[in-house]
Amino acid sequence: MSITNTPLVTLTIFIMYIIIFVIDKILNSKLSNWGTGKSFDYMGKGEWYRLITAPFFHMNLVHMMGNAFGIYFVGLVLENKIGSSMFLLIYLVGNLFVSVLFSNFFSFSKGTGASPGIFALIGCLVYLFTQTPELFDFQLGTWKTNYILLYSILGNFIGRGGAFSHLLGFIFGVMISLFLQ
């Protein structure tokens, strides 16, 4: 991969996950206590920012690394196909969309993880692949294809509410992709 093909948004998000995780551990979770998601009934006045910051926090190292490699491999396949701005928009709005729905309909005091945004990107990827398969180099046995498939399946068995939030993210990604044509 040349420097001109490097998916910069993907790499930036990947690095942000790691930096935020390490800083939060050094600060004994003070950062995550400030920024993790909460349902509207748990949010204090002016804490709407949690809807945006929650995806950058993770419960543990396995959670963080799963999402870090999820964004990395999806980004390798998708970012240069749809452009960095659209990639970032789908990721951020996918996370926000699911955060707002979950915060409105469920009661929770700590919500973390970026998988709804990653699943929104996977929804976009699947839709675009069905429309223009020649744009994508999917081959079983490659790291990126294998990881995306495993992430899409195994990620639904981990955590409470994970499968539902992943489905919502995926549907959002497919819906937004209808406008990319």
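Glycine residues also receive a Cβ, built from the backbone N, Cα and C atoms like all the rest.
Listed features, source TrEMBL:
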- 45-180: domain 'Peptidase S54 rhomboid' (DOMAIN)
- 6-27: transmembrane segment (TRANSMEM)
- 48-74: transmembrane segment (TRANSMEM)
- 86-106: transmembrane segment (TRANSMEM)
- 113-130: transmembrane segment (TRANSMEM)
- 150-180: transmembrane segment (TRANSMEM)
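Look at the domain 'Peptidase S54 rhomboid' (45-180): DSSP puts its residues at 105 helix, 1 strand, 30 coil. Below 8 angstroms of C-beta separation, residues 56-58, 61, 64, 67-68, 71-72, 74-76, 79-80, 84, 87-88, 91, 114 of the same chain, each at least six residues beyond the ends of the transmembrane segment (6-27), sit close to that stretch. The list of residues near the transmembrane segment (113-130) in space but at least 6 beyond its ends in sequence, with Cβ under 8 angstroms from a Cβ of it, reads 13, 17, 54-59, 63, 67, 70-71, 74-75, 77-78, 81-82, 87, 90-95, 97-99, 136, 138, 148, 151-152, 155, 159, 162, 165-178, 180. Listed by sequence, the residues of this chain that lie at least six past the ends of the transmembrane segment (150-180) yet keep a Cβ under 8 A from its Cβ atoms are 59, 63, 66, 69-70, 73, 82, 86, 90, 93-95, 97-98, 101-102, 106, 113, 115-128.
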